[in-house]
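Here the structure comes first, spelled out in structure tokens, and everything after it is commentary.
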Amino acid sequence: MTDLAVLGAGSAGYAAALRASQLGLDVTLVDPGPLGGTCLHVGCIPTKAWLQSAKVRRTVLHAGAFGIGGGTGDVDAAAIRSHADDVVDQLHRGLSGLVSASGVRHVAAAGRLVGGTVVEAGGERIEAAAVLVATGAEPVTLGLPVDGERIITSEHALRLDALPRRAVVLGGGVIGVEFASLWADLGVEVVIVEALDRLLPSEEPALSKVLTRALRSRGVDVRTGAPVAGAEAGDGGVRVTVGHEQLEADLLLVAVGRRPRVAGLGLEEVGVELDGAAIATDADLRTSVPHIHAAGDVVAGPQLAHRGYAHGQFVAELVAWELGRSRHRPTLPPDHQIPRVTYSSPQVASVGLREDQAGPGARSVTYHLAGNGKSLIARPTDERETGMVKVVRSAQGPIVGVHAVGEDVAELITSGAMHVGWGAEPDDVVSIVHPHPTVGESLAEAILALGGRPLHMRVATDIG
Ligand SMILES: Cc1cc2nc3c(=O)[nH]c(=O)nc-3n(C[C@H](O)[C@H](O)[C@H](O)COP(=O)(O)OP(=O)(O)OC[C@H]3O[C@@H](n4cnc5c(N)ncnc54)[C@H](O)[C@@H]3O)c2cc1C
Ligand SMILES: NC(=O)c1ccc[n+]([C@@H]2O[C@H](COP(=O)([O-])OP(=O)(O)OC[C@H]3O[C@@H](n4cnc5c(N)ncnc54)[C@H](O)[C@@H]3O)[C@@H](O)[C@H]2O)c1
């Protein structure tokens, strides 16, 4: 018997386990893989390590623009991998220590539901008061013959010991854009192919435009409105069919989305309903079967590690409350309040609603980072794009969206998430002083303008 059995020890599952044990629940965490799941081992952390190496090479190649003698920027893919592995290992050791110190029991096996809230894993039968399914997602391959060598997914891309000379990236979403950006900066000739009419199609159109111009200026061949019809691998490389055209490359990265991992979990057998490919849940992440919850990438919505953390902690608190072990009934942040960052160069970061989603009478101000000292200092002078921050408020109401593109704009979206989450009005924020020079003060500049009192920008003073 256990209070909570968690299937999956990724961002959602381990966050649930840690929070539940803090609340005094007995927890069993089931996962056949290493603690940490996709984000730690084959997602957020190793991709950001590769992106950092790409940024270092770019800095080295542009060092002259900063008055420093440049280097050759030779690339050692195996050494980049080893740096990424070191970071992952260190975080994995830390997480394993946290989980064992918390008293959570880890069963290192795949689990499945075998009736009600009973889980079977590694030959063991675990009866639980509540179950959380947090088994994550896996790449969609569109039936393309993924072989791990010529036609690959992001997981294979992170294990490369040598970089291709020429690569086609299929999908202009988050994974496609991050790899296109980092490979281009590491000297790979990249073609990125997106079926819809722009890269990162769910972001504000202005951000996609700046990103596309920046990638093109670094030699990336960006093709939009171009669905890929097929691909064929041979000894010498891969041939990709886009419309009537054939593209030749050393490899094809398939990055067209990730689908919830729900097969083989016994969901159908115990009556857990699906909503399309994802597990159907109510607003409190309860599935159609009492006391079975779902969290993270198995639930439809943005597939992000920090959403997984929020989901996992929420379910732990809800279960503790339902079992009478906590007096606090938790609330779940809505998906649109979850910040999104694409860590390409330039970065694209946003939270809340786009202007076209913010209702009638919504107003916005766009502050161009060409006026931001910190952004100009960081930018090599031979690069034209600096980026922008756009803030959206609902009609005479609160700030409902912050959208940014530029170097290091990920750092300002945390403040954006607070403004949107707290429903702040521009007047609530204008008296908060931001440090200078920072990229973050560009958000303050846009909010000042939205509140009708611009400082370093020329806009009509009756705005907002
Ligand atoms: C290349 C890449 C880069 C990414 N970068 C970012 C980023 O920068 N920022 C960000 O926020 N998000 C990023 N993500 C997304 C992020 O990794 C996911 O949103 C997050 O990992 C989801 O957490 P989860 O707990 O739902 O699932 P996962 O982390 O996928 O964990 C699921 C776990 O379930 C386990 N499991 C599977 N089947 C069973 C079973 N039958 N029994 C028990 N356990 C099982 C798996 O072994 C796995 O450990 C990235 C993803 C990818 C692929
Ligand atoms: N920095 C981050 O937070 C981060 C990084 C990587 C991944 N992730 C998460 O992983 C998930 C998966 O990422 P992803 O980039 O694979 O999915 P995605 O949904 O972000 O993008 C997939 C893209 O592929 C395009 N596409 C689909 N079929 C196509 C075809 N036949 N031809 C051309 N284009 C096609 C889609 O229009 C879409 O733009 C995302 O939801 C994201 O949240 C997050």
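Placed from the backbone N, Cα and C atoms, the Cβ positions cover glycine too.
Feature annotation from TrEMBL assigns domain 'FAD/NAD(P)-binding' to 3-312. Residues or ranges marked as disulfide bond in TrEMBL: Cys39-Cys44. For Lys48, Gly111, Asp297, the entry in TrEMBL reads FAD binding site. Marked as NAD(+) binding site by TrEMBL: Gly171, Gly172, Gly173, Val174, Ile175, Gly176, Val177, Glu178, Glu194, Gly257. Per TrEMBL, domain 'Pyridine nucleotide-disulphide oxidoreductase dimerisation' is recorded for 338-446. Residues or ranges marked as active site, proton acceptor by TrEMBL: His436.
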Worksheet item: Per DSSP, what is the residue count of the domain 'Pyridine nucleotide-disulphide oxidoreductase dimerisation' (338-446) in each of helix, strand and coil?
Response: 35 helix, 29 strand, 45 coil
Discussion item. Sequence gap of 6 or more, Cβ distance under 8 Å: name the residues on the same chain that satisfy this around Gly173 (NAD(+) binding site), in order along the sequence.
Written reply: Glu194, Leu200, Pro201, Ala255, Val256, Gly257
Worksheet, complete the sentence: Residues near Val177 (NAD(+) binding site) by Cβ (under 8 Å) yet at least 6 apart in sequence within the same chain, in sequence order, are Ile192, Leu199, Leu200, Leu211, Leu215, Thr342, Ser344, Val348
Worksheet entry | Site of maximum Cβ density within 10 Å, from binding-site residues Glu194, Asp297 | Asp297
Item to complete: Filter the candidate list Cys39, Lys48, Gly173, Val177 of recorded positions, keeping only entries whose CB is under 6 Å from an atom of ligand 2.
Response: Gly173
Worksheet item: If you check the recorded positions Gly171, Gly173, Val177, Glu194, Asp297, His436 one by one, which have a CB less than 6 Å away from any atom of ligand 1?
Response: Asp297
Response to the item:
Among the recorded positions listed as Cys44, Gly171, Asp297, the Cα nearest the Cα of His436 (active site, proton acceptor) belongs to Cys44
Discussion item. For the NAD(+) binding site, please report the maximum Cα-Cα distance among Gly171, Gly172, Gly173, Val174, Ile175, Gly176, Val177, Glu178, Glu194, Gly257 in Å.
Written reply: 14
Discussion item. To the nearest Å, how far is the Cα of Gly111 (FAD binding site) from the Cα of Cys44 (disulfide bond)?
Written reply: 25
Worksheet item: In whole Å, how far is Cys44 (disulfide bond) from Ile175 (NAD(+) binding site) when you measure between their Cα atoms?
Response: 10
Discussion item. My understanding is the cutoff is Cβ-Cβ under 8 Å with a sequence separation of 6 or more in the same chain; which residues meet that for Cys39 (disulfide bond)?
Written reply: Gly10, Ser11, Ile45, Ala305, Gly308
Worksheet item: Given the NAD(+) site residues Gly171, Gly172, Gly173, Val174, Ile175, Gly176, Val177, Glu178, Glu194, Gly257, which other residues of that chain have a Cβ within 8 Å of the mean position of their Cβ atoms, reported in sequence order?
Response: Val169, Ile192, Leu199, Leu200, Ala255, Val256
Worksheet, complete the sentence: In all the protein chains shown, the tally of other Cβ atoms within 10 Å of the Cβ of Gly171 (NAD(+) binding site) is 24
Worksheet, complete the sentence: recorded positions considered: Cys44, Ile175; fewest surrounding Cβ atoms within 10 Å belongs to Cys44
Worksheet item: Which whole number of Å gives the largest C-alpha distance between any two of Lys48, Gly111, Asp297, the residues noted as binding FAD?
Response: 30
